[in-house]
Every structure is written in C-alpha cells, then in structure tokens.
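**Q** The following block contains the structure, expressed as structure tokens.
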Amino acid sequence: MASAGTNTTSSYKAEPSIRKHGSVNDVPTEELGQSVTIDTNGQDLIENGTITALGYQPAYRRVLGAFAGFCVVLSLTSPLGAILVSGHYPIYYAGYWGLSWGWILPNLMMLPQVLAICELCSSMPVNAGSYWWAAALAPARFSRPVAFITGWFNILALSTALAAFSFAVASGLAQNIMTFTDGLVLGNAHIMGFAMATITIWAVLMLLRLENVSILMMVTGTFLAVSSVAVIIALPVVHSQAGLPFAAARDVFGSYKNYSPWSEAGIAVPISFYGALFVNSVWTAPAYVAEETHNARVETPRAMLNSYIVTAVVGWGICLAFAFCISDMDTLVRTNIDFPLFEVVFRAWGKSTAAPFLLIGAIFSLVGSSGMLLTYATQVAAFARDEGLPYSKELCSIHERTNMPLNAVALLVGLSYLFLLPALSTNASDIIYAMATMCSMIILCIPLLLRLFAGDRWIPGPFNLGRWSKPAHFLGVLFSLFFFITRCFPPDPETPPAQAIVLVAVVTVAIGSWFIRGKNFKGLDLGALEAWRYAAHHTGAGSD
C-alpha cells in the first residue's frame with residue numbers, strides 16, 4: 001500500500017525494455033514507449049535512483065510495503081492448507097517425529113539461506129532476483145553466461161513451481177469436494193484440470209491494478225494466518241470435548257517410526273522434511289517485487305525474514321496440534337489415504353463442520369495464491385529486460401493501468417500448463433512438488449556460492465550480516481546441497497527418480513540455450529554496475 005502523507009509524482013516516458021545508457025534525458029523519447037507515472041515520494045527517489053544507477057529505467061509504481069510483502073508470502077504459503085496437503089510426508093516417513101522435529105529442523109537448517117538472500121536483496125533490490133545477483137557477483141568475463149544460463153533455468157524453475165503450487169491448491173480443493181459428495185472419486189486427471197483452472201483464475205486476477213492486488217493479498221494473508229492460529233487452538237479443544245484421547249508428549253517428541261517402503265532411516269528422515277520444505281518455500285516472493293516496494297532495501301528483507309519466521313512458528317504449532325490429536329498413529333497410517341491430516345480434522349470436528357471451514361480456507365488459498373503469478377512474472381519481465389528471451393521487448397512491457405507485465409504472465413501460464421502434464425502420473429504429487437523444491441534450491445544456491453568469492457564486487461546493503469555474512473552464505477549453500485541431494489530420492493525404492501530425470505532435462509535446456517541464443521545476449525550493464533560499486537565504495541552509500 002502507498003504510504004501516508006503527501007506524494008509527489010512525475011510522469012515521463014519509461015519502459016523496462018529500454019536499457020539505460022547515460023542519464024534519463026539521454027534516452028530518445030520515441031524509444032521509451034508508453035508513459036508511466038512513477039511515485040517519487042521520499043525514499044522512493046533513492047530506490048529509483050538505485051535502479052537507474054544499475055542501468056535501467058524505473059517503470060513500476062512503488063505501492064507495496066513490508067506488511068503487504070509479508071501478506072503476499074502468507075497468502076502463497078497458506079500454512080494450514082499446505083500442511084494438510086503435504087502432511088503425508090512427515091507421517092508416512094517418520095510418524096510422530098515427522099510432525100514435531102521433522103517440521104522445525106529443516107526450517108532451522110534453511111534459516112542461513114534466508115538471511116543470506118535477505119542480505120543479497122538489500123544490496124541489489126531488483127526484481128530479477130537470483131540470476132541478476134549471480135551475474136553481478138560473478139567475475140566480469142563470466143557474467144554473461146552465468147546470467148543467461150541461470151536466467152533460463154530460473155524461467156523453467158518458475159514454471160515448475162507455479163505448477164506445483166497450483167496442484168497443491170487443486171488437491172486441497174478436490175479433497176474438500178469429495179468430502180461433500182459421498183462416492184465421488186477425483187483422480188489425478190481431475191486435479192490436473194483443477195490446477196489448470198486455478199492458474200487461469202490467477203491470470204484473470206492479474207488484470208487488476210497492483211494496488212488492488214496488494215489489498216487482496218493483505219485480506220487473504222490475514223484470514224489465512226488467523227484461521228491457522230484458530231485451528232491450533234480449536235482442534236485440541238474440540239478433540240477434548242469429543243472425549244477423544246490425546247497422544248503422549250513422549251510419543252510426539254520422541255517416537256520415530258518409518259511406515260514407508262524406504263527401510264533406511266537415512267533416506268526416510270530427509271524425505272519426511274519434504275512437507276516443511278515445500279510449505280515454507282515462497283518466502284522469497286517480496287524480493288521479486290522489490291521495484292514495486294517502498295524503501296525496498298529495508299522493507300523487502302524485513303518482509304522475507306518475518307514471513308519465514310512466522311510461517312515456521314505457526315506451521316510448527318499446526319503440526320504439533322495435529323500430532324497430539326493423533327492418539328494412534330498406526331491406525332491412522334493403516335487407512336492408507338493420501339491426505340491423512342484431513343481425517344484427523346474430520347474425526348474431531350465431524351464432516352458437517354470441518355468440510356465448510358476447510359472449503360472456505362481452500363477458496364481463500366486459491367485467491368491468495370495468485371500473488372505467485374505476480375512475483376514470478378516480474379522475474380520473467382526482468383530477464384526479458386536484459387534481452388535474455390525471444391520477443392524480449394514484448395515480454396518486458398509493463399501494462400500502465402495494472403502495473404504488471406501481462407505478456408510475461410501469459411508466457412508463465414502456458415509453460416505451467418506444460419509442466420502440469422506429469423500430474424497424469426501415478427506419482428504426480430511427488431514429481432511436481434520435488435521439481436519445485438529442487439529447482440528452488442539450485443537457483444538460490446548459485447548467488448550464495450558466488451558471494452563467497454565476490455571480494456570487492458560485493459556491496460552490503462542496509463540489511464547485512466557483517467562478519468557473519470560469509471558463514472551464513474556458506475551454510476546456506478551446504479544445507480541447500482543436502483536438501484537437493486536427498487530430494488532426488490523417489491517416494492519408494494521401486495519408483496524411477498522421475499524428478500531427477502526431469503531436472504536434468506531442464507538443466508540441459510538452460511545450458512543448451514546459451515549455445516543457441518547466448519551470443520546475442522547483452523547481459524547486465526557492467527559499466528553501470530561498476531560505476532555503482534565505485535560510488536558505494538567511496539561514499540558508503542551501499543549500507544545507508
């Protein structure tokens with residue numbers, strides 16, 4: 001939301017497809033495209049100045065703040081609904097232990113990565129995110145190939161993540177529909193159809209003005225957070241009133257039992273982490289709308305860190321509430337259902353009460369998750385701004401009324417439809433969820449690794465870890481590699497590692513694209529980047 005107070009605005013010709021060379025006045029009017037009104041209120045002038053210094057023309061209205069960014073993450077995460085859908089991972093692979101330690105341990109292990117990414121975003125608050133940070137931190141002679149290959153991989157990763165989250169939303173919605181209708185069975189083909197419809201609805205919502213989308217995110221994020229806390233309180237209360245027994249604390253925190261086909265604990269335990277990794281994986285969203293955020297170098301890292309911590313804490317509360325309400329884990333597992341936590345809610349509340357509540361939550365999740373398409377489309381537009389894609393001029397175009405890259409939205413919708421086709425497989429959910437997690441690990445790991453060797457190419461922002469910067473980045477890389485390797489395992493020993501095969505194909509396309517189109521890729525404006533670094537080193541502006 002726009003900050004209170006008196007705003008001054010200036011209108012000038014600006015379009016993100018135009019790379020800046022020299023001052024704003026040096027760019028011919030006929031090349032600058034449509035007129036865009038840029039908010040120049042206070043700190044926004046400084047933030048827009050940073051974008052200009054890095055070689056671009058500001059083309060977005062800055063209408064978001066820390067709370068809006070925080071709510072975007074909660075809307076995308078939807079802690080209760082996401083845990084209900086992915087709860088089979090901790091339960092089937094680790095039992096009670098999976099719901100207690102299997103949630104909080106991976107969240108703690110990922111914290112260094114969160115802090116490191118917050119630091120990168122505070123230093124370089126551009127929508128481009130990981131590929132741009134990686135290219136800026138790489139040695140100059142490697143900047144172009146790093147930017148191009150990472151950028152292409154990122155585009156494909158965004159499409160898989162969009163497919164994964166739409167599939168999760170559709171799965172929750174399908175489960176609620178089946179609850180209302182006795183005898184109705186919805187298979188993977190139906191869920192795939194629901195997922196495609198979900199993405200289409202998200203695309204339609206992108207026709208709203210960004211100011212209205214931010215309000216929508218705040219409403220849905222607040223509702224989903226409040227409803228999650230309400231379940232933490234209400235589930236055990238109603239469970240007790242119904243006279244149902246609770247699990248003992250020694251079981252919840254001390255009982256590990258593997259019900260999966262993987263007999264080795266060294267494989268089953270990391271797989272039990274998958275639920276937590278999937279649920280709390282969209283905390284980076286505010287970084288990809290940094291150019292639409294007031295005081296982005298401060299507010300964006302704050303939104304990311306706060307939303308990650310809140311999701312981790314609230315999610316642990318939800319998992320513990322469910323764990324204590326499962327008096328007999330063996331009996332629950334023997335039901336052999338895809339979404340065992342739904343069964344826990346139905347037993348305590350009854351279907352007549354639980355189903356409407358969960359259906360309302362699923363609808364809010366469906367609407368709130370539209371923010372994912374927004375934050376992903378801005379990355380596509382940013383890569384097109386650097387002329388990394390075919391039809392870059394069209395893909396980086398920002399629609400004046402909506403303040404959104406609508407052509408980039410359309411591209412992502414089409415690619416996501418394609419990546420939803422594995423939903424027809426019997427292991428659909430594992431393939432799709434795995435792809436989202438694995439791609440995210442790779443794309444975030446690259447700039448973290450390059451930061452360790454960046455030397456004076458690194459300029460800290462207002463949010464910086466000081467002497468703990470390199471240790472945080474090192475741990476972020478280490479844990480990311482651990483989670484990536486363990487995520488390559490299929491759900492059982494008899495199933496081929498389809499997610500690893502698909503990932504190899506994605507990496508091959510990303511690298512192959514460099515040899516096909518790389519010679520025409522301009523990459524980052526290294527002259528502007530070096531001038532920005534020089535000014536920061538000599539004035540200390542980078543950490544103001």
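Cβ coordinates are placed from backbone N, Cα and C, and glycine is handled just like the others.
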**Q** Tell me which of 103-118, 471-486 corresponds to the transmembrane segment entry in TrEMBL.
**A** 471-486
**Q** Sort out the residues at least 6 away from either end of the transmembrane segment (63-91), same chain, that have Cβ-Cβ distances under 8 Å to it, and list them.
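**A** The answer is 1-3, 39, 98-99, 102-103, 165, 168-169, 171-172, 175, 210-211, 214, 217-218, 220-222, 224-225, 227-228, 231, 259, 271-276, 278-280, 282-283, 285-286, 289, 292-294, 299-300, 302-304, 306-308, 310-311, 314-315, 318-319, 322, 329, 332-333, 338-342, 345, 358, 361-362, 364-365, 368-369, 371-372, 374-375, 403, 433.
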**Q** Near the transmembrane segment (215-238), which same-chain residues lie under 8 Å Cβ to Cβ, leaving out any that are not at least 6 residues past its ends?
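**A** The answer is 1, 67-68, 70-75, 77-81, 205, 208, 246, 310, 314, 317-318, 321-322, 324-325, 344-345, 348-349, 357, 361, 364-365, 367-368, 370-371.
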**Q** Looking at 146-169, 303-324, 471-486, which one has the highest count of Cβ pairs under 8 angstroms to the transmembrane segment (357-384)?
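**A** The stretch with the most close Cβ contacts to the transmembrane segment (357-384) is 146-169.
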**Q** Quickly jot the same-chain residues contacting the transmembrane segment (471-486) by Cβ under 8 Å, restricted to those at least six beyond its ends, or write none.
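**A** For the transmembrane segment (471-486), the sequence-distant neighbours (Cβ-Cβ under 8 Å, at least 6 residues beyond its ends) are 106, 109-110, 112-113, 115-117, 119, 267, 270-271, 273, 277, 437-438, 441-442, 444-445, 448-449, 451-452, 465.
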**Q** Under 8 Å, at least three CB pairs between the transmembrane segment (405-425) and the transmembrane segment (267-291) (pairs 6 or more apart)?
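**A** No, the stretches stay apart by this measure.
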**Q** Under 8 angstroms for C-beta pairs, at least 3 of them, ignoring pairs fewer than 6 apart in sequence. Is the transmembrane segment (267-291) in contact with the transmembrane segment (189-208) by that rule?
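**A** Answer no, regions not in contact.
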**Q** The transmembrane segment (303-324): which same-chain residues, six or more beyond its ends, come within Cβ distance under 8 Å?
**A** 66-70, 72-74, 77, 79-80, 83, 87, 90, 96, 99-100, 103-104, 107, 111, 114-115, 117-118, 121, 225, 228-229, 231-232, 235-236, 246-247, 249, 252, 276, 279-280, 283-287, 341, 344
